[in-house]
Amino acid sequence: MSVFAAERTVAINAVLRASEVCQKVFKQLVSTETITKKDKTPVTIADFSAQAVVNTILYKSFPNDPIVGEEDSGDLRDEPLDEEKLLDAIDRGSYPGGSQGRMWTLDPIDGTKGFLRGEQFAVCLALIVGGNVQLGVMGCPNLPVDFNAPEGERGCLFIAEKGQGAFQRNFSSTEETKIHVSDISSVSEASFCESVEAAHSSHDDSAQIASLLGMTKPSLRMDSQCKYCSVSRGDADIYLRLPTRADYEENIWDHASGSILIQETGGEISDINGKPLDWSLGRTLKANKGIVAANSKIHSKVIEACNKHFNK
């Protein structure tokens, strides 16, 4: 039985509404000119709008729950705006995190470059209780409903609750379909899902690890936590995020919803040393290095290859 049925319903509504806001901003403000000039104004507007929408909906239902959000309204408060309620809604995401009680963590637009290109981005929301992720909902407005029909319907929600499995539903329907990671046991048959941007995860290291594992399939490359969604439904087999510098700390909002999605679809997730992800240390995963997500049959083999590569 669902322990967080009310939270699940509210989170779905919040993520769906925020996803629709992002789509409207894209249609109205993103043009060839904004992309050519590398104008990030549309993504800034969408980011703040999505966070305000989600935070307002969460506050209405759970006024005592703090929120760890990516954005704050500092950049906007310098402008002569009268919309104090809007700014206050955005700033509800300033909680420092920690190991006690309940908190939500939100990335209003994960994959800003993907958003501007009209490709993959995600609205990512998770509920953390006592330092453990209990619920995750992700909206992926541009992700094909069916990986094998890329020109077909787009727009998916992914929902995972601890101990309750994980599901996909379309933006256009409330019907949920249970999903599962791939069940391959031979790592040489696997494919990576990794970042488009080399600055986000080291492609060179990934290629060398793939070689160690005997992998030959091309990587599925996309922006945002949509990578978690793709692995969770078996489009690809391994999500590998390798640190591009030694001192980098992953933000909890970049991985919380994706982590429970992997776990509830039969997969395993850890850092590159095989350590569980620690959500209790504030706004970042400061005790962890990198991310490896895969089905449980091959996860340990990927960890072994990472250790061999980085400790050579």
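Cβ atoms are placed via backbone N, Cα and C, with glycine included.
Quick look at what TrEMBL annotates:
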BINDING   Glu70, Asp107, Ile109, Asp110, Asp254  Mg(2+) binding site
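The residues near the Mg(2+) site, meaning same-chain residues not in Glu70, Asp107, Ile109, Asp110, Asp254 whose C-beta sits within 8 angstroms of the mean position of the site's C-beta atoms, are Leu106, Pro108, Gly111, Ala122, Cys124, Ser224, Gln225, Asn251, Trp253, in sequence order.
Ranked by how many other Cβ atoms sit within 10 Å of their Cβ, the binding-site residues Glu70, Asp107, Asp110, Asp254 place Glu70 at the bottom.
Ile109 (Mg(2+) binding site) has a Cβ environment of 27 other Cβ atoms inside 10 Å.
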